[in-house]
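Here's a structure for you.
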Amino acid sequence: MKEQEFRYQLLQYLEQLEKSQQIKLANTKNTVTPEDVCDLDTYPLIWASYFGYGDMVKWLLENKVNVDHCRHDGVTALYMACQNGHSAIVQMLLDKNANANLYNEDGMTPLYIACKNGDLDIVKMLLKENVDVNLYDREGRTPLFVACDDGNTAMVSAILEKHPDVNLSDFEGETPLNMACYKGHTEVTLALLEKNPDVNLCNILGDTPLSTASGAGHNEIAAALLNKNPDVNLCDDTGGSALFHACQKGNTDVVADLLKKNPEINQFDEFYNETPLITACDKGFTGIVALLLQEEDIDVNLCNEQDNGRSPLVLACCNGHTDIVRLLLEKNPDINLCDGDSQSPLFLASIKGYTDIVKMLLESNPDIDLCDEDGDTPLMMACQSGHPDIVCMLLEKDADVNLYNSSGSTSLYWACFEGHREIVSKLLEFGADVNHSNDEGLTPLIAACQGNYNEIIQMLIEHKADINKQMYDGDNPLISATHNGYLDVVEVLLTHGADVNRSLHSKHVMTEAIHNIANLILTVVKREWYEDVMMSFGSSITKEYVTEKSIDYVFDVFAGSHPLHIASFMGHTDIARLLLDHKANVNVKKKDETTPLFYACEVGHEDIVELLLEKGANQKICRKDKTSPVDIATRNGHDSIVKMLKESNGKA
């Protein structure tokens, strides 16, 4: 049976009952839905109003029903009708003098819910009944607040005709005006301003309508607020003013309007620890920076101390904002003012490669060699980062080419380490010291050899680089090229007289040296030999063998080893051959009597064993522990090598 037909028949039945029975049924709870099925504890009128059953509502109202019956949660029939947009039923209930000011357990009145749902017709019906427009929900929000939040201009205007308290705020201090400004509801804001609200009221965070609109970029709203002469210097809880928020968000027009009101120009926002100028320079808002710099009291040297103490110029240089740098330089800032890491504007522009900015800064005669807390100079950073044009500009301004940082590294070292050939050439042209070594003994040549930069190696050798200079651990250009497997580099070095029989220092000497160098830790160094050398450059056979070994074992392998030892262990056959061709001692021994042949037999490099035997390797030389090459080959299961050794021994 269809619903409407059922209701028709039900009403016919009800109307045949005695009047007293009808009245009793109309006012009895849970007649629509049994209590054991639904626990809403409701009345027929509330249900009928909820579903919009006008015929049922009419019958109920004709039978002396209590029009203001409430559920346990405070919901009335009028509330239900307003919530679901049943305007005809709303009117019927109002005609029976339903109390429009009753509210549910959340503090919501019929007017509130109608505003929330945007039902203007019902709102107007309720307003005709002189409802209390200032009643608020459990969060302190009034119908006007809800309408302003939604941006419903017609509804706001209708409510304003009833003279509500436009300054009533919710429990977070938000007023209708603040919400309209935040959401960008221009027409609503203008309507509210006609009622002369307090434009300086703040929410619990200290946000005013002006700061809210300024930060959100609602230019027309901000202009309208400024016409009401608000306090432009009111700040939120962290010190952020309307001007700061407008600058932070890049709202140029708002900034221009605010500046006409003479705001405090250097006010710090404590949360961001920035002034309006700092935030505009950081974010690259050139137009805003230009406006701010026109102000007589602007301080171009104020720093955001919490964020590493960076000045407007430092931030503009760091972020590559060329036009802003130009504007700032016109105001003669402290060009050498550094951040908390002692990094100057020139330093930061040099490291980032901002050529135009570097050029502008150099025209203002900065301290060109001003270094950071690590002793790095702008020239070092340009060399390390690979910016040849900047390197040239700095050198032409007499940057000291041989300054070194706290670890002893020079500009030339960094250029060689990173493989910047053009920069290396320019540094050498300006007299860079090719043999200066850092605290670990690293020279530019060793750095170039470790990086496999052949052209740079040739240039350094042509400029009299010491080809045999050693690091703290005895590593030198030839040893570095050998353990990294760089055949071409090894050949160049040997051609230019590298000492083929110079070794890494002994384990004892290495350990003592590490303890005497501040930045080195023994376990870290051991792991670097294991991971960065052995596991990075060893042959597949070597890597498989070493995988099961400790970092101490690998450290012992390298300590005291000659180039031929290293090539033999790591499986660099061609390098081993090249070393032997340049008079490497085929039977050279470490402190424990280990020979290159022993290492080749231990790891299982058959081709190297064959090569060494061809060159006269003595397989009878044992280690101090009496282990011979054939013993270690047998122990490690290298049967073909054992056979090779025995055959060679037989021939001998």
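Cβ from N, Cα, C; glycine included.
Annotations for this protein, taken from TrEMBL, read as follows:
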REPEAT    73-105  repeat 'ANK'
REPEAT    106-138  repeat 'ANK'
REPEAT    172-204  repeat 'ANK'
REPEAT    205-237  repeat 'ANK'
REPEAT    238-270  repeat 'ANK'
REPEAT    308-340  repeat 'ANK'
REPEAT    341-373  repeat 'ANK'
REPEAT    374-406  repeat 'ANK'
REPEAT    440-472  repeat 'ANK'
REPEAT    473-505  repeat 'ANK'
REPEAT    559-591  repeat 'ANK'
REPEAT    592-624  repeat 'ANK'
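Thinking about packing and proximity, how do these listed features fit into the structure?
Counting residues 6+ beyond its ends, the repeat 'ANK' (73-105) has Cβ neighbours under 8 Å at 43, 45-46, 48-52, 54, 57-58, 61, 67, 111-114, 117, 119, 121-122, 125-126, 129, 131-132, 135, 137 in the same chain.
Sorting the repeat 'ANK' (106-138) by DSSP state (H, G, I as helix; E, B as strand; all else coil) yields 15 helix, 0 strand, 18 coil.
Across the range of the repeat 'ANK' (172-204), the DSSP-based residue counts are 16 helix, 0 strand, 17 coil.
Counting same-chain residues at least six beyond the ends of the repeat 'ANK' (205-237), those with a Cβ under 8 angstroms from any Cβ of the stretch are 173, 175, 177-178, 180-182, 184, 186, 189-190, 193, 196, 199, 243-246, 248-251, 253-254, 257-258, 260-264, 267, 269.
Long-range neighbours of the repeat 'ANK' (238-270) within the same chain, counting only residues 6 or more positions beyond its ends whose Cβ lies under 8 Å from a Cβ of the stretch, are 206, 208, 210-217, 219, 222-223, 226, 232, 276-277, 279-280, 283, 285, 287-288, 291-292, 294-295, 297-299, 302.
Only residues 6 or more beyond the boundaries of the repeat 'ANK' (308-340), in the same chain, are considered here, and those with a CB under 8 A from a CB of the stretch are 277-278, 280-282, 284, 286, 289-290, 293, 298, 300-302, 346-349, 352, 354, 356-357, 360-361, 364-367, 370, 372.
Beyond the repeat 'ANK' (341-373), the same-chain residues lying 6 or more positions past its ends with a Cβ under 8 Å from any Cβ of the stretch are 308, 311, 313-314, 316-318, 320, 322, 325-326, 329, 335, 379, 381-382, 384-387, 389-390, 393-394, 397-400, 403, 405.
Taking Cβ pairs closer than 8 Å, the repeat 'ANK' (374-406) reaches residues 344, 346-347, 349-353, 355, 358-359, 362, 368, 412-415, 417-418, 420, 422-423, 426-427, 430-433, 436, 438 in its own chain, all 6 or more past its ends.
Averaged across the repeat 'ANK' (440-472), pLDDT in this predicted model comes to 97.
For the repeat 'ANK' (473-505), the DSSP counts in helix, strand and coil order read 17 helix, 0 strand, 16 coil.
Residue counts for the repeat 'ANK' (559-591) under DSSP, split into helix (H, G, I), strand (E, B) and coil, are 17 helix, 0 strand, 16 coil.
Packing against the repeat 'ANK' (592-624) from elsewhere in the chain are residues 539, 541-542, 545, 557, 560, 562, 564-565, 567-569, 571, 573, 576-577, 580, 586, 630-633, 636, 638, 640-641, 644-645, 648-649: each is 6 or more residues past its ends and has a CB under 8 Å from a CB in it.
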Please tell me whether the repeat 'ANK' (473-505) and the repeat 'ANK' (559-591) touch - that is, whether there are at least 3 C-beta pairs under 8 Å between them, with each pair 6 or more apart in sequence.
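Judged by the Cβ rule, the two regions touch, with the required three close pairs present.
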May I ask for the residues of the chain that lie six or more residues beyond the repeat 'ANK' (172-204) and have a Cβ under 8 Å from a Cβ within it?
139-140, 142, 144-145, 147-149, 151-153, 156-157, 160, 166, 210, 212-213, 216, 218, 220-221, 224-225, 228, 230-231, 234, 236
Determine which residues of the chain contact the repeat 'ANK' (440-472) at the Cβ level, with the cut-off under 8 Å and only residues 6 or more beyond its ends counted.
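Same-chain residues near the repeat 'ANK' (440-472) but 6 or more away: 407-410, 412-413, 415-419, 421, 424-425, 428, 432, 434, 478, 480-481, 484, 486, 488-489, 492-493, 496-499, 502, 505, 510, 513-514, 517, 519-520.
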